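> Not my notes, these are from TrEMBL:
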type: DOMAIN; residues: 2-182; note: domain 'KARI N-terminal Rossmann'
type: BINDING; residues: Y25, G26, S27, Q28, S51, S53, G134; note: NADP(+) binding site
type: ACT_SITE; residues: H108; note: active site
type: DOMAIN; residues: 183-328; note: domain 'KARI C-terminal knotted'
type: BINDING; residues: D191, E227, E231; note: Mg(2+) 2 binding site
type: BINDING; residues: D191, E195; note: Mg(2+) 1 binding site
type: BINDING; residues: S252; note: substrate binding site
Amino acid sequence: MTKMFYEKDANFNFIQERKVAVIGYGSQGHAHALNLKESGVDVVVGLYEGSKSWEKAVADGLEVMAVDEAVKCSNAFMILVPDEKQSKLYQESVKPYLKAGDALIFAHGFNIHFNQIVPPADVDVFMVAPKGPGHLVRRLYVEGTGVPALIAVHQDYTGKAKDIALAYAKGIGAAKAGVIETTFKEETETDLFGEQSVLCGGVTELIKAGFDTLVEAGYQKEVAYFECLHEMKLIVDLLYEGGMERMRYSVSDTAEYGDYMVGKRIINEETRKEMKKVLKEIQEGKFAQAWILENMTGRPVFNARRNEEVQHPIVQVGKELRQMMTWLKK
Ligand code: NDP
Ligand code: MG
Ligand code: MG
């Protein structure tokens, strides 16, 4: 099994002797900044003038500055602005102030792996990527545990990049849960493949296809919604807690038999072939190129598809049904 790193493997001095600028205060940023600070790290938050996150960070008791000011007074920078904004931010507000031996840190490998950011040779470049949304990274830290994380070293100028990465992972609570070493290539390509083929693209199309099939056959759309979307959570919770075997143990034998008989007819050889094509496009940088171009041209395809998706009948029926689910957070 892959080696896991835990708190005992991390020497906290490597991050405590640094001043860390957390750039961005969104999902990941707020969790990293608060967790590091409460772990005893000297932290400053970097934001732009007029950012709605600014007041929030101040209210949370953090020191906040413009990005370039934060970079100037720090020697480790965690870049937590949206991936498509990182390249411009790096060029304008980080690169001009980099000093030899600084640490440039990411929570996702996209910009380094696809050469949208090319740092000078005399800085460390590494990743600490929690495997969970920022709000969970924060909540579990407060509860005294943590979300697992991946670390990867792209460039090791000081010879200490991995030590600093492990210390950082400890500071956000991730070393309590376990840290796995990966590469920028592996993290980036698997992350994109997973969200496209399985987690986001795969799941939403599967749900819609099931919903449409039932509704077109004359079944009530409310019933179709419950069966194809709402119940997904119950199944995913079982998968998360105990894998496929736990899910299959918990559902009825009828459901388990149907699973074995039908699953491969839905996700068939054609689907697997297509997944291989999708992966190849990611590996060759075709997906990255398209997404970068989208952002350079004002996101024409992205916006058109977003508008189209909200027209699907499952959106409206879901809105109405969730009104009645008083236990859901609004
Ligand atoms: P969010 O969109 O939640 O937050 C972005 C933050 O950056 C906001 O505080 C925003 O401020 C600020 N910001 C935007 N533009 C600028 C700018 N030009 N200068 C300074 N600050 C700016 O991002 P995420 O936390 O989701 O993502 C950050 C990174 O973490 C990405 O690399 C992502 O891939 C990675 N990641 C995200 C995970 C997640 O669960 N969300 C999981 C693992 C990794 P304002 O809102 O005021 O505009
Ligand atoms: Mg992703
Ligand atoms: Mg059922």
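Glycine is no exception: its Cβ is also placed from the backbone N, Cα and C atoms.
Bear in mind that TrEMBL entries carry predicted annotations, made automatically and left uncurated.
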> How many neighbouring Cβ atoms, not counting its own, are there within 10 Å of the Cβ of D191 (Mg(2+) 2 binding site)?
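Counting Cβ neighbours of D191 (Mg(2+) 2 binding site) within 10 Å gives 18.
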> Can you tell me the three-state DSSP label for Q28 (NADP(+) binding site)?
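Looking at the DSSP assignment, Q28 (NADP(+) binding site) belongs to a helix.
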> Can you tell me the CA-to-CA distance separating D191 (Mg(2+) 2 binding site) and H108 (active site), as a whole number of Å?
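Given the Cα positions, D191 (Mg(2+) 2 binding site) is 9 Å from H108 (active site).
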> How many other Cβ atoms sit within 10 Å of the Cβ of E195 (Mg(2+) 1 binding site)?
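A 10 Å sphere around the Cβ of E195 (Mg(2+) 1 binding site) contains 13 other Cβ atoms.
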> Those binding-site residues, Q28, S51, S53, G134, S252: which ones have a Cβ sitting under 6 Å from ligand 1?
Q28, S51, S53, G134
> Can you give the largest Cα to Cα distance in Å, as a whole number, for the residues Y25, G26, S27, Q28, S51, S53, G134 that bind NADP(+) in the record?
19
> Among the binding-site residues listed here, S27, Q28, S53, S252, which has the most company in the form of other Cβ atoms within 10 Å of its Cβ?
Q28
> Within its own chain, what residues at least 6 apart in sequence put their Cβ under 8 Å from the Cβ of G134 (NADP(+) binding site), listed in sequence order?
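For G134 (NADP(+) binding site), the qualifying residues are G26, S27, Q28, G29, H30, A31, H32.
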> Count up the helix, strand and coil residues in the domain 'KARI C-terminal knotted' (183-328) according to DSSP, in that order.
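Counts, helix then strand then coil: 122 helix, 0 strand, 24 coil.
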> Could you state the CA-to-CA distance between the residue listed as 'active site' and S51 (NADP(+) binding site) to the nearest Å?
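The Cα atom of the residue listed as 'active site' is 22 Å away from the Cα atom of S51 (NADP(+) binding site).
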> Using CB under 6 Å from any atom of ligand 2, narrow the binding-site residues Y25, G26, Q28, S51, G134, D191 to the ones that qualify.
D191
> Based on Cα distances to S53 (NADP(+) binding site), point out the closest of the binding-site residues E195, E227, E231.
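Going through E195, E227, E231 one by one, the closest to S53 (NADP(+) binding site) is E195.
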> Between S252 (substrate binding site) and E195 (Mg(2+) 1 binding site), what is the CA-CA distance rounded to a whole number of Å?
29
